[in-house]
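Novice: Have a look at the structure that comes next, please.
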Amino acid sequence: MKFESILEETDGFGRYQIALVLLMYIPRIPIPCHFLLNNFIAAIPSHHCNISSLGSEGIFGNLTQEERLTVSIPVQDDGTPASCHMFSYPQFHLLSNFSSPSEVAVVQCQNGWEYDNSTFISTLATQFDLVCEKRGLAKASATIFFVGVMAGAVFFGVLCDKYGRRSMLLVSYVSSIVFSVVSAFSSNYIMFAAFRFLTGFALTGIINISFVLSIEWVDTKHRTFIGVFGSISWSLGNMLLAGFAYLVTDWRMLIITVTSPLLLATAIWWWIPESARWLIANGKAETAYKYLQKCATFNKRRDFTSRVKLEALSTVMTVEQQGHSYTYLDLFKTPQLRRLTLFTGVVWYGVASTYYGISLNITSFGLDLYLTHFIYAAIEVPAKILIYFSLNKVGRRITQTGTLVLTGFCILINIITPTEYWMFRTVIAVLGKGLSEASFTTVFLYTTELYPTVMRQNGVGYASFMARLGASISPLIMLLEDTWKLLPEVIFCTVAIFSGLIAWLLPETNNERLPETIEDIEEMRKKPINFTTEDQSNIPLKLPICADTTQ
């Protein structure tokens, strides 16, 4: 019996599954808030040197603030005060325009900076003076966070296989809350960076485990719906971040605000079921049967116990598979699985690098910071809806390839379009953001379906590692604009198109049952597994192994 056959007996898409997905929405809301938090907490407001070192109040006499800046700080090409330089002593003659500013010697800021607090009360930049030669540290904080996410993907991938999805989900909740709150009260940049790393590390378990748990409890024909509907939580959280950031302009309180939903998530954790697939794969058929009974009862399938016996679940696993512990090395031991692993790694890197390359660069949009972020988030919702139909009609492979390649072309169009056509560039930028989110939505569902049950957690954990590698490098790539302004866009464009072409080499999984064993993957070339939902209903009640499948 295949696991899908047993799941059908409980009603593979009933009230139980819908309730589970809705419960998973609460902990997933803070995820995009933390992932894109740097747009606000690391923002660098307008600033100029503190001119108090140039003399006492009496030296400046009755000069206005504007006149004091004129005699103390050189002017940039756009007419604003320089951010990182000041005159070595007051140049009062500049008030009469007797001398050109270019003729006056300047030095770096001697006594710190003064910041424009009209938009933000406090940010990392204003708190720790991450400006001028330290400007890169503000963007580096995003890289540090994503490195933590990358490490967490490996950690939770291993432990979820060993200890189950549900218990590790609670670990993720509690540790995310603790690390986030401590980071908000950091007294220096090093402390903040360390706890942002740990926050990213802990949050990985939430996003990966919650997604795979939802997929594992749903029948084949509704996997696309659950995958897309569940991912809308990301867009919802992303839009809420714009509102949170607008209302809470202190970086410490903003971190605490976006983390607070996890307190509710922890309280309702008791209602979250363990993965029946994982339980069966780890020889815990009795516990799995209890969860399946509860699912059937909630879905009003009261004849479940008469149609499916406990003994049927025990046949899901073969003797040699019971007790077999898989590792990341198993992803590379067999030819087809190795090929699959390499290709999905490239695709995930490209998807994440492109998405965060666009999402973390909202200051060049030409609009209000909060409005820009909200527009970028809002475009994701129609993109996801369109993707739902695309995934079902044209399949996963074409959708994945198409969204990535089109994202690359949108970036290319903005590279070659003159900046004076700002309205056209804005439309293309928003379209590219929607397509990049569509590619992310697709790759989550696609990857979950590609890997076999016994290796799914490891497979998705590895893929997430590659994604976070791409995300962590993206902020550093943006620093290359100091070398050539268009260089970051050229890199993101190339990565998007290349990874899209690699996605074309992956097998199609639309309407196919989830592969259960490594043998299923290796035999695909010889005899493709293509069970539609109707096919599965005719399979006798005999189950192959259903092992671990959370990320």
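Residue 1 is the first one shown; counting continues down the chain.
Using N, Cα and C of the backbone, Cβ positions are placed for all residues, glycine too.
Note that TrEMBL annotation is computational and uncurated.
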Novice: Could you check which of 37-55, 398-416 is flagged in TrEMBL as transmembrane segment?
Specialist: 398-416
Novice: Does the transmembrane segment (486-506) reach the transmembrane segment (340-358) with at least 3 CB pairs under 8 A, where each pair is 6 or more residues apart?
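Specialist: Contact between the transmembrane segment (340-358) and the transmembrane segment (486-506): present, because at least 3 Cβ pairs are under 8 Å.
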Novice: May I ask you to check whether the transmembrane segment (191-213) and the transmembrane segment (459-480) make contact, with contact taken as at least three Cβ pairs under 8 Å and only pairs 6 or more apart in sequence counted?
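Specialist: Yes, since the transmembrane segment (191-213) and the transmembrane segment (459-480) share at least 3 Cβ pairs closer than 8 Å, they count as touching.
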Novice: Under 8 angstroms, Cβ to Cβ: which one of 140-160, 167-185, 225-247, 340-358 has the largest number of such pairs with the transmembrane segment (253-272)?
Specialist: 167-185
Novice: What same-chain residues lie close to the transmembrane segment (340-358): Cβ under 8 Å, and 6 or more beyond its ends?
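Specialist: Non-local partners: 35, 146, 331-332, 376, 400, 404, 407-408, 411, 429, 432-433, 436-437, 439-440, 443, 447, 450-451, 459, 462-464, 466-471, 473-475, 477-478, 488, 491-492, 495-496, 498-500, 502-503, 505-507, 521.
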